[in-house]
Every structure is written in structure tokens, then in C-alpha cells.
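Enquirer: Below: one structure in C-alpha cells.
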Amino acid sequence: MIRKTLIFALVGLALAAPSTKVEEGLAKTLKSEGTANIFVTFRGGNSDAINQIGTLNFASRPDKVNHLVKNLKSLTEASQKNALSLLKARTASYKQFWASNELYIKGASAELIYSLAALSEVREIREELIITLEPLSTGGISINEEWNIEKVEASAAWALPGGNNGDGVVVSTIDTGVRSTHEALTGNFRESYGWFDPYDGTSSPSDGNGHGTHTMGILAGAGGIGVAPGAQWVACRGCGDITCTESGLKQCGEWVLCPTLPNGDSPDCSQAPQVVSNSWGGGQGNTFYNDIISAWKAADIIPVFAIGNGANGGATCGSANSPGDQEVIGVGSTTSADALAESSSAGPSVEGRLKPDISAPGVLVRSAWSSSDNAYETVSGSSMAAPHVAGAATLLLSRNPNLTYSQVKELLEGNTDRNLQDTGAECGGIPSTQFPNNQYGNGRINVRKALEAAINA
């Protein structure tokens, strides 16, 4: 996961006592600070809008996504009507999040927070989550420059009869940004509806960290560094150079669902990507992003997440991070020798879910870097593993754009390599030699095998 690595610190009834809706940590902040930046969630979330989509047939994917977004916005307006009345009476600074049916309020006072909590439709009020970035784990010499691409047999997948390199598919990352002028990335950047920066409102892609350029290179870079170099890419800057805010990440979540111009105007949901790769996360059993993920799935956007770099930097059972430990394709990290990376998080999740779902190369991976248009860097972390899997999903969708999330996941998990090194450990009572397990998941990704299975289906 982000390694500059992310410190994963992200991290009903009308008669209910309002104070029970206010998160304990928020209550403490109010006592010490007086105000806080908060998220207000509403009963039912976005489920009513999403459930309706599953009962309808659509002529095209753009029709489906447009209808979904219209439903989500209508639900948000209806759910938040009373809360907005309270806010407007106090001239509070706020933003509605229609994809997740939430309200974000800056500098909310205790009086406002407890007034909102008294509304029967309000489910929970909590403080905004913040991620802090650590220095990246860079450097080192890999066995060859693109061992990872060779290991997952990406080039063999491109060369298959009926094979492809991701052409016709649009992919996205939510990360620290991308250097779009880099020689490995400039050729397939989709300039129209291709960039959004919720922090600084920049008009064109940039990356002051390096992490986002590196992950996009693995996903879609040219010159042998990317799994799906034929795909077009777009990106949202979900993290600044030092921190990622929950509000920034959720603005990116909405943008992926219905992209806008860089200034936030002229939304066009037909421009939504088909795959989104996420190398960030935090905490365990944290559901804060689940409504965004559900909306992505309803729009036929495949969510891929790294599961983190372990407790205290080591592979520890039960250390998988959120959102990678939720209902997404969660990715662990392996070495060039097909061993589990020392830093790769492991399952099970706190809810008992098997994690990771799958693994991919994540140690000493060379990819594009943001310091110049021809810079490259060798970096380690599960952040590097996730875009391999996102790239594999891209090739499957290039072959068959009508594949569902479940079908993509099944093809990836059912066609892995499993001749992997025994860790000697058991997580959740499952040894690493028995598949699926809570260390390698269903095995290490093999792009050729997965695409071959899709071709022969």
C-alpha cells in the first residue's frame, strides 16, 4: 500500500439517544478542540438507489451509470433535506457526497453536531479520517528490470491467439497523482475527462510524491513496465504529497463513478473507467468506503485494493487493512522467488473474511517515477502488487467488456500459480500450502492463464 508507505490510520430509531450516534473519538475532539471536520451518515446509506439498478435492464453501460447516478443524487437530496435545513440556518461549510449519501462539514461545532444527531434519519456522525504518508521504501536491484511482468506472464497474454494488451478499456487509479508527460505514460493518457485534483484543482496531472506515477506505470505503462499498456488511463489525486483526507478520497470515488472536467464542471458519466486500482487504505474492519465501492460495482467498475504492508511492517496474521479487507479484490505481495513478501499483510479480516483474495509481485518492482519524463524507480510494497491485478482485470474486460465483477474475480482467482514458497505459518488455521489461504489468497496472479480461460469460455 502507499509506501512513501501509508500509515494505515485511515484509517435508528427516533427515540435513540442522539449522543449514541456521535463517535467516541469525535466527542473527545469536541471537548478538547471545540470543533471538528465531520462526516454525517444516513440510515440505509445508498442501498435503495443501488438495489433498484439490479432490477432494471439497460441498453448500454452509459445508460446504466447515468441512471444510477441520477438515483443516488435523488436519494441524497431526500435523505439530507432536514440536515441541510439545519446547516443553512447556521451558514456552515459543507459538501454533499451523493455517491455514499453522506454530508461532510468543516469546523462543525458541538451544538451543530448534536442537533444533527437528534435527526432520526442520521445514522452516525464521526470525525474525518486522515492518512499520513511515510517515506517510500525505494531502491535495490531486481533480478531483471521487468521480472514482475515476466513472472505474471503478461507479455504471453498479449501474444495469445485472441489475446490483447488492454485496448479498448479505460483504467483509473486513486493515488498521489501521475506525471502524465512521462515517456511510459504520455501515449495513453485520456486527456478528455482524464484528471481531477480535489486538493488544488490543478488542470493537468501531476505527482509530487512518485507513488502514483509508479502504480500507474505498473498498470498501464509502455516500454515493458505495464500489464495493460494498450488501455487508456485516467487518474484522480486522492492523496496529497503528505496526507490523504477522507473527503479527498471520496471526491475521487465520485469522480471515478461520473468524471467531470478538472474544474469539477460538466459531469459525463459515460466517461467512467471500467477498472479502478487503489494502493491506499487503513485500519481493519473499517467500512467507511463501502458505499462508494457498492456504487462502483453497480456501475460495472472493478475495484482492486492493496491490503497493506502488515502490522509494524511485517507479515502478521490478521493484519489486512481496509478497504482491502472488505468486499473487493484485495491484493497481497510476493517476491521474485514466489515467496510471501515480508511486509505483506495477511488475513483473515476482523470479520473472518479470507484475505488477500489474490497476490502479485510487490518487491523490487521497477516502474515510472515522477522526477522526470524518463525517470524510473524500484519500489516495494503491496501498493505495487495491486496494479498487476488491476491490469489483469483490464485484459479480461478488453476480451469481454460485459464481464461482471464476480466473473472477473472468478477468472483471476481460478487461474493463478500456486507453486509458492511455504511460509511455515498458518493464518486463520489455514497453512500457506492450502489454497485459498490467508497469506497468498487464491495464489499469485497469472495474466496469461486468466485471459486464456476467458478466451476459451
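Glycine is treated like the rest: Cβ placed from N, Cα and C.
Just so you know, TrEMBL annotations are computer predictions that nobody has curated.
Keep in mind that this is a model prediction, so the values were computed, not measured.
Feature list, courtesy of TrEMBL:
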SIGNAL    1-16  signal peptide
DOMAIN    166-422  domain 'Peptidase S8/S53'
ACT_SITE  Asp175  active site, charge relay system
ACT_SITE  His211  active site, charge relay system
ACT_SITE  Ser383  active site, charge relay system
Enquirer: Suppose we draw a 10 Å sphere around the Cβ of Ser383 (active site, charge relay system). How many other Cβ atoms does it contain, all chains included?
Expert: 34
Enquirer: Tally every other Cβ atom lying within 10 Å of the Cβ atom of His211 (active site, charge relay system).
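Expert: Result for His211 (active site, charge relay system): 34 neighbouring Cβ atoms inside 10 Å.
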Enquirer: Quick one: pull the CA-CA distance for Ser383 (active site, charge relay system) versus His211 (active site, charge relay system), whole Å only.
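Expert: Their Cα atoms are separated by 8 Å.
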Enquirer: To the nearest whole angstrom, what is the C-alpha distance linking His211 (active site, charge relay system) and Asp175 (active site, charge relay system)?
Expert: 7
Enquirer: If you draw a 10 Å sphere around the Cβ of Asp175 (active site, charge relay system), how many other Cβ atoms fall inside it, taking every protein chain shown into account?
Expert: 28
